[in-house]
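**Student:** Dumping the structure here so I can ask a few things about it.
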Amino acid sequence: MAFWTRSILLFVCCLPFLSADDISGMTVQDDTCMDMLKDFANLSAAFTFCAVSHARPILICQECVSSYLSVVEVYDDITKLESTAGHKCESELVNLDRLQVFNQGYNYIKKLWENAHCDNCFVKDRATGKPTTQLTDLVMEILNASSVYEACVKKYHNATAKPDLAVCENCIGNYKTINDIYVKNKGTIEFCMDVVDLMNNTRNEWSGDLGCCNDRRKPEITMILIASGVGVLPFIFYALTYFLTPKKVHAVIERKRWNGESNGVSKSPEIHITPPENTED
Amino acid sequence: MQNSSPLERPPEYHIVVRPKDFIRSLSLLSERSVSQGSIHGEPSETHLPDPIILPPKESRITKTVVTGTRDVLSAKYESLDYDVCENKVLLEEVRTSTKDFRARKLVSRWFIFLLIGIVTAMVAVIVDISIDKLAIIKYGIIKDALDKCVTEDCLFEPYLIWMGLNMGFVLIGSFMVAFIEPVAAGSGIPQVKCYLNGVKIPRLVRFKTLFVKAAGVVCTVVGGLTGGKEGPMIHAGSVIAAGISQGKSTSIRTDFRVFQYFREDHEKRDFVSGGAAAGVAAAFGAPIGGVLFSLEEGSSFWNQSLTWRIFFASSVSVFSLNLMLSIYNGVPGQLTFYGLLNFGHFDTLNYELFELILYMIMGAIGGVLGSFFIHVNYKLIVFRMRYIRVRWLKVVEACLVAAVTATVGMIMVYLVNDCRPLGTDPTEHPIQMYCGDGEYNAVAALWLQNPEASVKALFHDEPGSQSAQTLIVFTLSYLALSIWTYGISVSAGIFIPCLLAGAGWGRLTGKLLGHIFPDASWIDPGKYALVGAAAQLGGVVRMTISLTIILIEATGNINFGLPLMITLMTAKWVGDYFTEAFYDLHIQLQGVPLLPWEPPAMSIELNALQVMNYPVLAFAPIESLRTIVQALSSETYNGFPIVDATTNHPLSKAKDGLPTIGKLRGLILRSQLIVLVQHRAYVETGYSNEGSHLPLAEFRNSYPRYCEIKDIYIPEEEMDYTVDLRPYMNPSPYTVSDTTSLPRIFRLFRALGLRHLVVTTDTNEVVGMLTRKDIARYRDKAHGSIGVDELYWSDKL
């Protein structure tokens, strides 16, 4: 389901780009508004192109930030500007048909950006609160550390060896640097998808492809000894209570009942009632 | 009045059986039974006397029974006085009551149900938040230690910390339960069920019990035991209802002097049924489930108007809980926190028609596993009743369970290396253990969080979140631990362990099906986890409609009602084939004289004459104090018929060989006599039928705990005074004729919530008395054989 929604959205937002020539053939009512719509179509197409082409490895935030910002800008213009006094462009483009191409296209871009938490990677503009194209110091630090680490791996890497001991030995310092920065900050802020993906790849490479992370298991003799001791304790406990606790019995109270033969009207068929034979169970 | 004073009659004609004669009559009876040979008669079908089953005279020799058996009823339990005693003083009060008073009573009744809902939710929130806060600290400490030690060969350190934390909390919890209030052990649902069905359980609804229960359940859950807080919430709701409606607490020695007019068993029991419903509602976010729980478990007698009031209490409870939790979570007014346990939101819960067969199979598995659970747990409980009776031993046992639980968790985390990518971190404390960087250990994720969160994880995690190996090991060990845990001296419920174990094998089933049919779109491991959880729970507790509705409400999906119902139904049927239901088994082990839904099938051949108590200890309408005091001191009876003079000698064969003791005038309760003696309401001090009466308020003030007769000092010179019982007795008690069959008596008791039933002849002369204990002792024979078992009675159990 989610897959289809996304495909449709992609299709819808690429539509103006694919058929850009046809737009000129439309009956133009208001040039300013239609020009802006055309701008929006081109810019959103550019963003979509950028996003999809940077899907693997994920670099959407870093690479597409400028085109995202321009999409937002033109969208804001369309929704806020008035072509003539009292006449908003928005009213010509939005809420006119059930397809809502303009809104859908914008929502798709917005959602993609937000899902990737891209805003978190960029320094925010003090005045407007909007992201700028400037990466934050923390992200820069991680990216720098990553490139140092990449360089190191490239230098020592031997494709046939696994674990690649040379890399493991020489690059562990670099790996630890980048890992520590990430782990330290992970609890406090939500990293953008670029950084998360970078880390995932780095870690996969380190633990998986390079096999540098497989010596974590230790014998742990002490723990196993304690655990087996604790495991035996209940049996000792139950055995002790079984042998040391005296059996307790309770006296049965006899209910006072009428035992006499009852003739006549009160006579009822005799039935067989047995007391429970086994109370020991 | 008639010639009713015993003092005026010639001494050789005793109208009333005095204690002295009563003992004489007993000895006469035993002689008679010697000559008869058997008390039970002979088998009618075979006509073969069985010398082993029908011991001729040993029945007079005191028999003994071992502790921990289902065949003995405990004599310490008494019935509630649900039947309102319509005596003269009550009529006087009703006549003088104003319209305002009646309106006030009506309004306060609704007001009390409102309060019950709010306070129950408050207690639930307090318990929930305490567990939440403490658990975060506990798991945080363990996680830090684990992360530090995993690469340094010192895993025993986090292990010892884990074990120590578990044992510490459990020590506190079990100490409170064992030494302060043993009735707070377990989930409390069996006891609440008994109370709602008219059996008084001592100390069940006291404030002290509530405190121990609430604090105990926090210790249990934080201590990592396999127990939930849901069952205890139902008990807590009941205590709150009893406390609020009475406007006083003996535990904290406070009488708020409000709601005095609700101080009687009838009103109290009705409020408690609302409290239990509010507890269910708070626990599962299930207001309708709560009402149905009270109806199903406690409705041997029920008033329709009660249903609506109880629903009100449940809804208030859910709403208040929701509101308070939303404030705690920092989003006041966003009412999305239904209940302490909710199963979270399922995006899709669609099912294909043929899946219903799969659900039935899973229900059957749940029934078998549930029976296994019950049977092993039953054996353990019997062992505990016999050998672990000393209090400190109970505490030691609880600590051992806590230690082993931590050990099992730790060993599993150590051995099972099920690594999952961190991704969006489904767990709060991801533990890396031996996984690569950026991965977490799926086993540790299941163990190092509250069981509610684990249930939710099994319902909602992505299909590949746990390996099959993890699920198998986790389910088996959790099942084994929960079987072992229930019955130790801590307060913990059975719902969560069952749901979690069931969700484990349910999810495994889903995975297996996904393996067999890789392309099928109807397979969702979360859905199968839900069905498995329902099957396991249904197989253990065997509740029907209320459990179905609770699960539907907790799932929040009405469309999945039918599959859940089918699962639960199969689970119950299959389970019932193997064992008794879990709660019923516990009730039987405690020897509570609870009347089941139906009378024993073969009991139609028994009649009142064979079942009743005989001879009867009765009083004259105006009775001497000495007789009353002697009777109260020597016998444990709680109801005494009041009879008029007849010319028959008490032990003469008045009618068809049946000795009667006089014409029935009324019935008086022990508690009433105690209050009368306490307040010196003698004829000589001016209290008589025609004169002044002791007002009803005095009886209410002593409720619910009356003193013993031996604690009341009576000067010797007052012993010859007389008491006029007529204004206080119930002048029209329920009676049955001596030929009434047991099923009829049974239904009367159940439907009316009776405590005493007088057996009379066709001339309305008293021949015997029936109590709940006389009826509850007949039970259908176990498996396979037809007939009625007769249970023993014992005083200390």
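Glycine too: its Cβ is placed from the backbone N, Cα and C atoms.
Automatic prediction, not curation, is the source of TrEMBL annotations.
From TrEMBL, for reference:
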- B:110-131: transmembrane segment (TRANSMEM)
- B:159-180: transmembrane segment (TRANSMEM)
- B:210-228: transmembrane segment (TRANSMEM)
- B:271-294: transmembrane segment (TRANSMEM)
- B:306-328: transmembrane segment (TRANSMEM)
- B:356-374: transmembrane segment (TRANSMEM)
- B:395-416: transmembrane segment (TRANSMEM)
- B:483-505: transmembrane segment (TRANSMEM)
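How about a rundown of where these features are and what they're close to?
**Tutor:** Long-range contacts of the transmembrane segment (B:110-131) within its own chain (CB-CB distance under 8 A, at least 6 residues past either end) are made by residues 210, 214, 217-218, 221-222, 229, 233, 236-237, 240-241, 244-245, 259, 262, 271, 274-275, 278-279, 281-283, 309-310, 312-321, 324-325, 328, 340, 450.
Note on the transmembrane segment (B:159-180): residues 134, 138, 141-142, 145, 208, 212, 215-220, 222-225, 391-392, 394-395, 398-399, 401-403, 405-407, 409-410, 488-491 of its chain, located 6 or more positions outside it, place their CB under 8 angstroms from a CB of the stretch.
With a threshold of 8 Å between CB atoms, the same-chain residues lying at least 6 positions outside the transmembrane segment (B:210-228) that come near it are 123, 126-127, 130-131, 134-135, 138, 162, 165-170, 172-174, 176-177, 180-181, 184, 188, 235-236, 239-240, 243, 251, 341, 401-402, 405-406, 409, 450-452, 478, 481-482, 485-486, 490-497, 499-500.
Residues of the same chain lying 6 or more positions beyond the ends of the transmembrane segment (B:483-505) and with a Cβ under 8 Å from any Cβ of it are 170, 173-174, 177-178, 182, 184-189, 212-213, 216-217, 219-221, 223, 225-233, 235, 283, 341, 365-366, 369-370, 373, 376-377, 380-381, 384, 391, 394-395, 397-398, 401, 404-405, 451-452, 454-455, 458-459, 471, 474-475, 529-530, 532-537, 540-541, 582.
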**Student:** Mind checking which residues reach the transmembrane segment (B:306-328)? Cβ under 8 Å, same chain, six or more beyond either end.
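**Tutor:** Sequence-distant neighbours of the transmembrane segment (B:306-328): 109-110, 113-114, 116-118, 120-122, 124-125, 128-129, 237, 241, 270, 273-275, 277-282, 285-288, 290-291, 294-295, 334-340.
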